[in-house]
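Student: Here it is, the structure, as structure tokens.
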Amino acid sequence: MASMEEDFPRGGVAKKPTESKIEVQRTEVDNLFQSNEQVETKKRRGAAKDDSKKPKKQKTDERNVGDLTLNKAAKVVEILHAKNVKQGMLLLGCVKDVSDFEVTVSLPCGLQGFLSIRNICDSYTKLLNEQLDSEDSEEIYSLQHLFHPGMLLRCVIAKLDVSKTGSLSIQLSINPKLVNQSLTSSSLKAGMVLSGCVESVEDHGYVVDIGLSGTKAFLPKRAVTAQHNSEDLKAGQCVTYQIEAVKNDGRVVQLSINPAAIAQACAEASQGWSLTNLLPGLLVNATIKKVTKHGLLLDFLSSFSGQVDFLHMEPQPESSYTEGAQVQARVLYVEPSTRLVGLSLRSHLTQPGASVEPSPAGGDRIGQVVKDCKMTAMHHMSGAMLELPDGTPAFVHKNHLKEPNGELNQNRLAAKPEHTCRILDFSLMEQIHFVSLRPSVIEKQFYRYHDLQAGQVVEGTVSELLTQGMVVRLSDHIKGFVPRLHLSDIVLKNPEKKYVAGMKLKCRVLSVEPENKKLYLTRKKALLESSLPLFLSYADARPGRVSHGFIVCIKDFGCIVRFYNNVKGLVPLRELSSEPIVSPEDVFYMGQVLKAKVLQCDPDKAKMVLSFKAVFEGQTGDSAQPEFDCEVGKSLEAKVMKKSTNGLEVSILPDEIRATLPTMHLSDHVSNCPLLLQSLQEGDVISNLVCFNKNKHNISLTKKPAIRWSLEEGVVAKDFSEISVGIQLVGWIKNIMPYGVFVEFPHGLVGLAPKSAMVDKFLTDTALAFQLGQTVVAKVTNLDEEKRRFLITLKITEITSPEGDAQMRLLHGLRERRAVSEMLAGRDEDDLRRALAALCVAQRLKLTVDGVKDDGATFKSDDLGGATIQASKHGMTGVNLTEGQKVTAAVLHVDIQTSCVHVTLRPELLGKKKSLTEGVKYAATVQHVDGDFAVVSLQDTAQLSLVQTRGHLNEAFLSESATLKPGAAVEVEVVEAACEELGGLPLLARSRGSPPQRQRAASESQAGARGHRYGETLQAQVKAVKPTCVTLTLGDGSTGRVHVSEVLEPQDVRVGSFPTSTLKVGSTVTARVIGGREASSHRFLPFSHPNFKFTIAELTLIPSKLEKIDFKSVSTKEKLSRIQVGEEITCFVSKFHPDRKSLEVTTDPSVTGTVELLAMIKHPQDAAHPEKRYRLGQAVRAKVVEVSFKPHRFALSLTDVYKLEKGCVTFGMVLSVQPHVGLLVKLPFGCKGTVSITDLADAYKSNPLDAFSRDQILRFFLLEENEKGKWQLSLRPSRLNPQQAKPAKDPEVSSLHQLEVGQIVRGFIKSVGEQGVFIRLSRSITGRAELQKSTKYFVSSHTVLSDHLPANRLVSTKILGIDIEEQFVDLSLLPADTGKADVLPNSLGLPLRFVNEAKKKHDLKKSRKRSLSESEANQPESKNPKKKKKEAKKARADDNDSGVEVYFREEDKEKPRPAAAQPPPGPAAPARLQVAASFSWDVGLSALKPASAGLDPDSSDGEDQEESTKPQKKKSRHELEQEKKTAEKALVQREMELMDPSLRPEDAAAFERLLLASPSSSLLWLQYMAHHLQATQIEQARAVAERALKTISFREEQEKLNVWVALLNLENMYGSPETLRKVFERAVQFCEPMPVYQQLADIYAKSDKTKEAEGLYKTMVKRFRQNKSVWLSYGTFLLQQGQSDAASALLQRALNSLPSKDSVDVITKFAQLEFRYGDAEKGRNMFDKVLTSYPKRTDLWSVFIDLMVKHGSQKEVRALFDRVIHLSVSAKKIKFFFKRYLEYEKKHGTPQSVQAVKEKAVEFVEAKGTEAAS
């Protein structure tokens, strides 16, 4: 059946009767295809019915049986219409445009398709998915790298969609699986031209996806580089290739991509093409069958018929084509239903070397309306051809000859002399413009986005409303977007109420981006109706011009206004209005349309300064700016010029410079600011002002004492560059936002305090914490240098305040209030105000009760007539008042503005005042609160004074209950008993915290309410557990901190563990104070004396420190001094710095160390993300590299190396690649080194430095260190891995003694000069080849050689001479010496060097030699003239050597040389060695010669023959026996080598020989696999494994398992997850499943595949739940990963699944695992529980003792021994434990403890004796 289908393909069209041979072959299948042809003909007829009624119906039964062909010829030639396009159809397309996610493809006959990024190929889609799933995946190439306009593609229609406008959208695919779907492996033939996509890039070429499963296509890289100028192909790239060879029945295909060969390759009938697999893009030889007006009918491939429409004929008359002519045509498409084949004869598609032009020659004319066009031809089934006025042809599709619903009269249309058309598009496939004659299209105002200009008023229809704005459609192809801000002059909350879909409206174009097809519109009425000039570019914005713009941004420094085409400018603060504006946000809003006048404009920099104020005042934009002569930080005086609600306009004296003084800058106390503003009048002079910011437009002043102090002391940052993390700055609250507060600082710097960094407590609303203008102290926590932004914190615990800061602020605030009172009293001639101003706090008045109410009482006084005197309910406590009663009261507060006096009548405040002691703390009660101040009374002293309500600048009252109220208790400390500034009142300092219950003694008060003494032991509760520390809540409510190093005993800390994880939140612990930590900086504070106080207590939980009696403080310097370089210590990961790629570790709370990148990685792949290897809080072992005392830091190493030593291997980072030096490398521990070009590899190669790049991390071998401290390094594998490295092809040369005369070595060109060619043989040896020894050609200058011998070129050279004393090596590059081609090419045409002179020298030397031999004829040296003659003859025959060289060679022959100096054997040497290996057993021992006999380099066949003819002296019997023994020894030695099992084979043949002897030895098979893997022969290693599995006997289960495990390891390292899974499934079938599962789990764990290992273990505990070892293995894995809780849960599952008899064993095993990998304390508890239940299990007691000796303290071990020796077991067992107890004490204890054990043993024996006696 297969042969029949091959001989009789489907289809049928009438063929010429001359092809009788084909007719005979196909007559038998006529009936087979008859019905199909009828159906298809009906479909075709139906499709053509609407287009034309002229063609007659052709009956299907009129065809002769013998005229059946593969497809039927078209009745009428017409172009490809959209209605004939079907899914699955193949077409040839041309790339038109490439975007990020889609490629626009031009298809035949003006059609257009879209190729999505998902339809390239499977490999490219996989790469995309991997990039989306992982951030660390490799970068893939974008569509712009894979496609370019004008590129031809074979496409298949993947999907047909209908767009919203009703037009057809063709979705394409170039996936080879779809394009080549009809091809099979058997149909592939050499020479076929196909298309595919690069699937992967390999070392020597590319694997190409050709869409056939089971077929691998390979494209060699050499074929690509030869054609693409060394440009590599990329994964996913579409390539058109030619099949070079088909192997293994189509399973392997070799490709080539020679463009010239592919362009000329024609499809042939012998290649087996059929209608089912015919592909577009094929070039075919065709015969013209028929010429029509509308196109051509062709026959091609001897069996097919096709058509060429008029668009794909060359632009020449039809008469130029004749029937029967041979042409070359390109297949365009194949209609699958009608089997119609479309072809093209256009030269840009068929001619070799031609290309498709992506743009028309006359430029982009799309959208133009062209008049006076002539119709040159009418094709009734397709359309019409036009000729534009410039002679350019154009095509009108038949659908565009009329309106969609109109009637078409083709004759009338063709008769019109002129036509007007609009150019719609340019078809790349036909290289012709497509136009339209529809009036509706021609009359459209806008056809493309290019037709629109910014500022135009357009009409459109509302398409849809979105949350971001509104879509307006201007035409079928153009739609614009109206942003929500531009829907109206004001921001609409419900735009859907104003706009509905379908509404017609007018808009104005804001900007248009034709390339991206983006159009932005506005509906703002002010912009639509504006008659002012439009600013479409910065060139339009000339100074003085006025235009409408809209506000897009409002800042404190002004507003940013935008016009059209994104032209924008700044309106500074001073130009916003004639009235001063402090906060523009309160005046303007986003989107507001305003007139703006241009003051300055710089089109080159795209910057513009505007003014709102100048529009109304008529000012010119170039008014001179005043010169400001004011320095920031300078103390000033100023005169008030004008008052406003936002502040004061002042004039700086004496220069009368205008400046502003905002209200918030009048005082540090927010409540004082409005008082001062009200009291100041125009004309008043204000002193103690400081300029805090100035710019071109304004000078800002402040009177805040805190700001003034920071400027005077220089505690400010003048620029962003001066800001650093940790710096403290004084500023003020500028703005309060829901996410945080903005704080402004002098010099205009602004930082953000996020919500989480505002206060120490949880904050729900940012508006509750601070007030606008409040002075704060901020600390910088984070910097964004790129965006010049920084973050700050306002938390009190992180801020350090200077001593006495609160008292100074109190005095400043009271002075300000006093100044307000004096100004108000002095300004008015009012006696009452003067009297009120004279009152002070605590002054006692004689008053008369005026009225009594429930909430207080009022009084009157003769001296204060008109004033309101009142007492609150709290101020009357303990007093009964009646109206008219005379009383004495104490003044609490005087409000001079409202003439109100607040008094108190409490008896304890009116008694006799007691003296106060400075420095003593008192309990105080709040009596009155006014803004930022409160009046307090001190216990029972009858003393009153004032304190601030905010003890700190940053203190925030988050709730009403937190604020001070009358009656509240506070704690204060007396700073000064009588302060003059306070009028004799005591100066107090508030203490934070709860008030004391009693007054402390002076000795007690030193500890403080918040402090703890050093060494104090206390109980605490765990509040929070972090990896690096544990936060505790102490008994007094304060906070303590435990560093990770202070949790466990040092000996109990296991490497890789997390000590803080042993503590649980809420648990109670015993801690001891060891230090303190600043709340502001978290800096550790050591104790200088036991009474030191601190903010946060630093504690320890280590038992040995809790029990220690003599507990002394140790300074950081002392700790560092105890650490020695090279010492290995335990430290904990604290922080990773990604910018520096360094690790910060701590050994205790006060000592911090740094580990650089090269000192923390052990594999090069770890360098990309070293932080993944080390987690915060993890315990690591490090070696000390360097100790530094200033600052207290030290450098560490995590690689077990702390210093560089000669002969070691270390990691390094390439700093730079220097051609004349090699590699400059950064080494660990601050060292540097260089790698010479000769030390890069064991086998030299050209351009060796190209393989290295900057920042590359490699392993280096340390050769030696020079005097400057630089290391000489090597990258040779023989240095890095001497055991695994192959023999070096170019061995390392360290001295001249390693070189020999006549040796051929390779080296790199160092330089070329007049003295010769200098060649680098090693890092320290450079040889020279003289110019005449460098080339056989005559060169007039060394520059000829330098042009062809660039630096670092690899050359082979022969050593001519060595001068060890002068350190000189003479070399030769001549081909006669090296056996290589000359260094200069033959193409240069240079003459050969001195041929005749060489002959003369030869004759001269020959005569000298003859005379010399005659003179020496009588000497005994010349006894063998024949041999000398033979040697001379041999030397002379070598490469036509000159006589000079022969002379010197004869001299060398006469001089005896040591054996070590002999040159290495030539290529014939291995053949001689084979004699010793393959000896014959039937030869007697006497006939054998030693193996060394065949290695004589001077021996030859000629010599052997000559010597055999000479008479030889008869050997003695002793000599014969000696020769026999020597031969026998050589034979025995060879046998021993062959039988030595420890001798590792070195080649495949040796392995095969050993496997014949031991076919079931898994060790041998594994060594064979390793041999292949060392040579990266992965497939050969797999094949060896498969052979082993088939060869090893089925009885050898363990041997087979070993091979399966090796194969699993191989697939894990070099294979894919899929191959690993398949091998695992096979292994489970052929072996015991349990060991296979366990081995794979171990493989996963060792290769750090934690997720896969855990999944496999979960499967194992389900499948093998009765197997105890599975649970133990899973538990070991979990504990090694640090999952202690998961291991505990697993233990419970194991106990439920296993038999009860195994419970004890499992628990003890898990306990041992806890000791080894997890928490030793947990393991101890588990043993305690088991041994409590089973006390007589002495084996468990013994294991427990072993573990405790290793992991526990001495105290715990002794307690355990004491428990054991009192067990109720046999005396024999107790004796065993006593022995162990005694051994332990002898090893770890003291003589006293040893004696104590002996006494206990005696007591035990006596007790046993007493029991026996009784």
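Backbone N, Cα and C define each Cβ position, glycine as well.
Whatever TrEMBL says is automated annotation, not expert-curated.
Note that the structure is predicted; figures quoted are calculated from it, not measured.
Feature annotation from TrEMBL assigns compositional bias 'Basic and acidic residues' to 16-29, 47-65, 1447-1457. Under the heading compositional bias 'Polar residues', TrEMBL lists 994-1006. The compositional bias 'Basic residues' annotation in TrEMBL covers 1401-1410. TrEMBL lists 88-175, 191-258, 281-346, 455-524, 544-613, 633-704, 726-795, 1015-1090, 1126-1199, 1207-1276, 1302-1374 with the feature domain 'S1 motif'. The feature region 'Disordered' is assigned by TrEMBL to 1-65, 988-1013, 1401-1470, 1490-1524. Taken from TrEMBL, the feature repeat 'TPR' applies to 1668-1701.
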Student: How do the residues of the domain 'S1 motif' (544-613) split into helix, strand and coil according to DSSP?
Tutor: 7 helix, 35 strand, 28 coil
Student: Residue list, the repeat 'TPR' (1668-1701) vs rest of chain: Cβ under 8 Å, 6 or more residues beyond ends.
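Tutor: For the repeat 'TPR' (1668-1701), the sequence-distant neighbours (Cβ-Cβ under 8 Å, at least 6 residues beyond its ends) are 1056-1058, 1061, 1634, 1637-1638, 1641, 1645, 1650, 1653-1654, 1657, 1660-1661, 1707, 1709-1710, 1713-1714, 1716-1719, 1722.
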Student: Which stretch, 88-175, 726-795, 1207-1276, tops the Cβ pairs under 8 Å count with the domain 'S1 motif' (1126-1199)?
Tutor: 1207-1276
Student: Mean pLDDT, the domain 'S1 motif' (1302-1374)?
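Tutor: For the domain 'S1 motif' (1302-1374), the model's average pLDDT rounds to 87.
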Student: With DSSP as the reference, give the number of residues of the domain 'S1 motif' (1126-1199) in helix, strand and coil.
Tutor: 10 helix, 37 strand, 27 coil
Student: Could you break down the residues of the domain 'S1 motif' (281-346) into DSSP helix, strand and coil, giving a count for each?
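Tutor: Secondary-structure breakdown of the domain 'S1 motif' (281-346): 6 helix, 34 strand, 26 coil.
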